[in-house]
């Protein structure tokens, strides 16, 4: 007894101090384990959804693949953690995931009180309502007294209260934790109205047993800038993530695509040369190689290609670029220059 | 060790006296090790707490309990107190807590009633009744409770029609997939008299029951306690209600637009949760009741019959009191299980403590550590209080040895 007690105690002491010290740089950890751990949704078509082969696809998924490409030159070096809206922040705060790329709205309290740092806005969205056509309603102003299905732990839940209050209407919330449960409850007729981000509504409508029986109301009641987030306190990882996103936008602006990225290296345009690492080494300061942007674009394409592939007009979701077009084309997507 | 002490000499002397005797004193050693263990535990707890606080600060995550006074900003489907999105997170906590308590108390009552009935049915002389009870127990005891809840929720939702095609029920109630909407009774002036009358009737009933019991003990004369007590408890309030001119207004549910206005809505989530938890726990209680009755030896009943006591009285006065002593301790753990299982409400959207507080509130504030600690403390308190009550009840039912 006496002989084993001291080593056990010593072991416990070491274990506890190890916990205190565990705050190494995220990039080093990621490089050591060989993949990026990415928090995604439990399944939202167009944003993060496993396809029929079990591969994760979507706009949010491709962002994580872009980061993995930048670090490992391999868009597949990502492991995905499906998270409910309720689990997501704790998962990021506790270090369970390296990036949270899960159609998450950027708000002040999340930025300042929850230890999150939002990288950028990968999709400008707004909250809307979906109803069954049989209700014969054409405007969100006519849904006084309705039962509303909503997912717990979202900005949606708060906007909903604000909207009904501002318009002097009442509602019955039906709050469920998992997206699939909300979908099922709405499909079963438990609620009159489904509310979430408009992009989500279009995706969810497709999963209903009869998609044509449902319609999305024209009103958009909030600003929902969706984007990936990382933990605060690791500026290098934050900068890396931010610039991977900017690289996607800059590549589209400069006309660099997955197909032509190799040719573009010979371009005479100094902006393109800097982005692709032909001229200068901008990668080193964020712990990457000089041609990091080439790897990103080779891995997933530019922002426009990602958008078109996952949610664009050619996909079942059929979403127009709208606010998500580049600033040069009247949209809001704008990236600072590489310089 | 034991061999050395067999001589009966103090251990210190046999060691030559160079080491102080208390080093080998088992009592002193016991204290030292206990003290060391306690010190290590305290240090561990302190280290975890300080580590957490430091990490939260470094990650720039807000901490503390100040958020309780902040505006919640979200609505809750079912609330026993006045609550709106303007209320505070503290109010949301109370709403969730009351909803949990409501489901726990009602669940315990229903599970106990169903459990006792099924348990007795399993011992019934009727073959059919016995088999039905057995099938009930075997099915519901052996399926995970979460699955059962999901089943009841889907069942409730898919069987019931839309509100505009709702099923009309007696007394103006209506059943649809928005739940069971029942009329609400609104007390008017003068209703307080009925309530006071009811309270007096209850007190009087207790006094009469005590007196009847004492008289029977002293003289052997019986008194029709049950009838008198029932007449008092039901008769007095009804009489007062009629005399004061029926001071209750009934608010019937009316279908306006999408949903019903007025009345009290028992939501499908609530019905499904109550059904699921009661039916699941009742299967266990049934087995406990059966075991309790079986534990009373047949000789007890035989002896009672030999004294000329009727079978119904034998069951009530001889078998049940002895069976209760076997039943109550395991019953307590079933009550605790039901209370803890009520946290599965989150899966079917019933706004209980876990759903409202460690779901929505946690997410809107981002203060996972505080919220989870409070939630755990609440369940611990609930469970310990239930256990304390059942221990008290058990000690009252215990065999009094003379």
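From the backbone N, Cα and C atoms, a Cβ is placed for every residue, glycine too.
Just so you know, TrEMBL annotations never went through curation; they're auto-generated.
Note on the transmembrane segment (B:28-46): residues 22 of its chain, located 6 or more positions outside it, place their CB under 8 angstroms from a CB of the stretch. Residues annotated as transmembrane segment in TrEMBL: B:28-46 (among others).
Annotation comment: TrEMBL describes B:92-121 (among others) as transmembrane segment.
As annotated by TrEMBL, domain 'ABC transmembrane type-1' applies to B:97-384.
For the transmembrane segment (B:133-153), same-chain residues at least 6 beyond its ends with a Cβ under 8 Å from one of its own Cβ atoms are 118-119, 121-122, 124, 268-269, 271-273, 275-277, 279-280, 282-284, 286-287, 341, 344-345, 347-348. Per TrEMBL, transmembrane segment is recorded for B:133-153 (among others).
For B:190-209 (among others), the entry in TrEMBL reads transmembrane segment.
For B:229-250 (among others), the entry in TrEMBL reads transmembrane segment.
TrEMBL lists B:270-289 (among others) with the feature transmembrane segment.
Using a Cβ-Cβ cut-off under 8 Å and counting only residues 6 or more beyond its ends in the same chain, the transmembrane segment (B:344-362) has close neighbours at 67, 72, 74, 76-79, 89, 92-93, 95-97, 99-100, 103, 145-146, 149-150, 153, 267, 269-270, 272-273, 368, 371-372, 374-375, 378-379. The transmembrane segment annotation in TrEMBL covers B:344-362 (among others).
The feature transmembrane segment is assigned by TrEMBL to B:368-393 (among others).
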### Task
Please give the sequence-distant neighbours of the transmembrane segment (B:229-250): residues at least 6 beyond its ends with Cβ less than 8 Å from one of its Cβ atoms.
172, 183-191, 193-195, 197-198, 200-202, 204-205, 208-209
### Message
Do any residues, 6 or more residues outside the transmembrane segment (B:92-121), come within under 8 Å Cβ-to-Cβ of it, and if so which ones?
### Response
68, 72, 74, 76, 78-81, 83, 129-130, 132-133, 136-137, 270, 273-274, 277-279, 281-290, 292-293, 331, 334-335, 338-339, 342-343, 345, 350-357, 360-361, 374, 378, 382
